[in-house]
Amino acid sequence: MRVLYFKHSFFRSLLKSNGLPQTLLVFLLIPCYLTVDFRAPPLIPDVPFLWAWNAPTESCFTRFNQPLDLGLFSLVGSPRKSATGQPVTIFYSDRLGLYPYIDDSQLIFNGGLPQLVSLKSHLEVAKTDILHYMPIDNVGLAVIDWEEWRPTWARNWKPKDIYRNKSIELVQQQNILLNFTEAVKWAKEEFEEAARHFMEETLRLGKSLRPNHLWGFYLFPDCYNNKFQVADYKGECPDIEKHRNDALFWIWEESTALYPSIYLKSSLKSSPQAALYVRNRVQEAIRVSKVKDPRNPLPIFVYFRIVFTDLTYQYLYEDDLVNTIGETIALGTSGMVMWGTLSLSQTMKSCLDLHDYLKTILNPYIINVTLAAKMCSQTLCQNQGVCSRKDWNSNDYLHLNPQNFQIHFVKHGKYEIRGNPTLENLLYFSQKFRCSCFAHLNCQERADIESVSTVSVCTLEDICINSLVISDKSELPKDWNRPYFVNSNQSDITSSATVSPCVPRKDVSGYLVVLSLYSQHLKYSL
């Protein structure tokens, strides 16, 4: 058995009468505030925050007989080209229709430009591809990942400026009397119109064939807030990029989900800039999600990675998880999609490393933030919405308080929660967060936090907090956080010990270990 103890330094550092139905009378007696902010309803009932796994890690089991604990993820799919019928389906440029592009060696595919491809032929091939990769219309995510060119002319800067240059050449060939300025204007109009029709009609086709899937484009919206070298970097999305996103209203109107990305480079490791970078990108997605209908916004599923984009064998730990996952949940999105490459599962060692990372780092943090978010939602929203920051640009996070909660890793690869919520915990939620109501629900935010007497929330694997709310942590049993063992032959490492997040595999099963995960800037304080 193993105890995962998230110390305060990590999350600050862990984490029918009178003719009326009785339920209505009870509801009317609960003091509430009207909520004016909305979020998309859950894709899966009773799963307000959805975790999806989209990495080719099945070979850990099929090749190396090393299963991975992905039980916390509602949707698990592989991005391999051979994989079909996945709950998360990602369409790359070679998997959906006749996507026009020019590769790095300047080879031209399908005309190279959206102006030159036959839309009719593209849709015919795309229909076949959709039916192949989605043989059944189950509930799931449909993500189109086309990154060779951008539908906004101005965003095709180097090296994507080849699409602007080729478009200008095309206009000049067709209209030899035009001067360069006129050719650029015509080329821009033709390119953007063709790109719009190409992307719009693809979305419409997907929705018509597989309406139970949520369709959208990966990396949309983006806000290009990656100039980390600028002094006093604040992560803000440039106004010009917000205006350009506004001009892409046609994408937001046809999409049924948004899929922004918050991948980190190693230069942002344990950096406050990472939180600012992620926060502003997610907030821009929230803004865009309301373009079509502020009272019925699009769901937002944020793509993230558990490794750095430039160091694919270095996992995200401690601060980095708070700066990515913690930020995303605190802003009130619909879920996250973990994407990865073959590097996660190429060898037996990489599979063992991934197994240990899941068990000791990622899964405990997912449990932490999931239960904290659900507890806040139950307290403030009566489970009819999600909690989101009152000040979106603050450092307020949804973490379990380490002073009265512990996450234990027990026998048979299971986790359990020890401790009780305190009134102070619930008041923190009320002070720092608001209820963002699910669309189509008459949701109100609860005001009488002091009257909440119980909390009952669970993750997917029935890891639960089912307990009374205590007035103070002093009411906890004296031995509530006492380490205990799988058998009498096992010894323990004292709870004040700190060990590396990268726990050796020999320590993953066996005697109790207390993980004290530290952070300089965390992010739960009462």
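Each Cβ is built from the backbone N, Cα and C atoms, and glycine gets one as well.
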What Swiss-Prot calls N-linked glycosylation site, among Asn165, Asn489, is Asn165
If one consults Swiss-Prot for N-linked glycosylation site across Asn179, Asn368, the residue flagged is Asn179
From the list Cys381, Cys387, Swiss-Prot names as the disulphide partner of Cys376 the residue Cys387
From Cys60, Cys502, the residue that Swiss-Prot pairs with Cys351 through a disulfide is Cys60
If you consult Swiss-Prot, the disulfide counterpart of Cys381 among Cys435, Cys437 turns out to be Cys435
In the three-state DSSP scheme, Cys351 (disulfide bond) belongs to helix
Students should find that the Cα atoms of Glu147 (active site, proton donor) and Cys381 (disulfide bond) sit apart, in Å rounded to an integer, by 39
Cα-Cα, Cys381 (disulfide bond) versus Asn165 (N-linked glycosylation site), nearest Å, comes out at 53
For Cys351 (disulfide bond), the closest of the recorded positions by C-alpha position, picking from Asn165, Asn179, Cys223, Cys435, is Cys223
Reduced DSSP state (H/G/I helix, E/B strand, rest coil) at Cys435 (disulfide bond) is strand
Using a 10 Å radius on the Cβ of Cys351 (disulfide bond), the other Cβ atoms enclosed count 22
In three-state DSSP terms, Cys60 (disulfide bond) is classed as helix
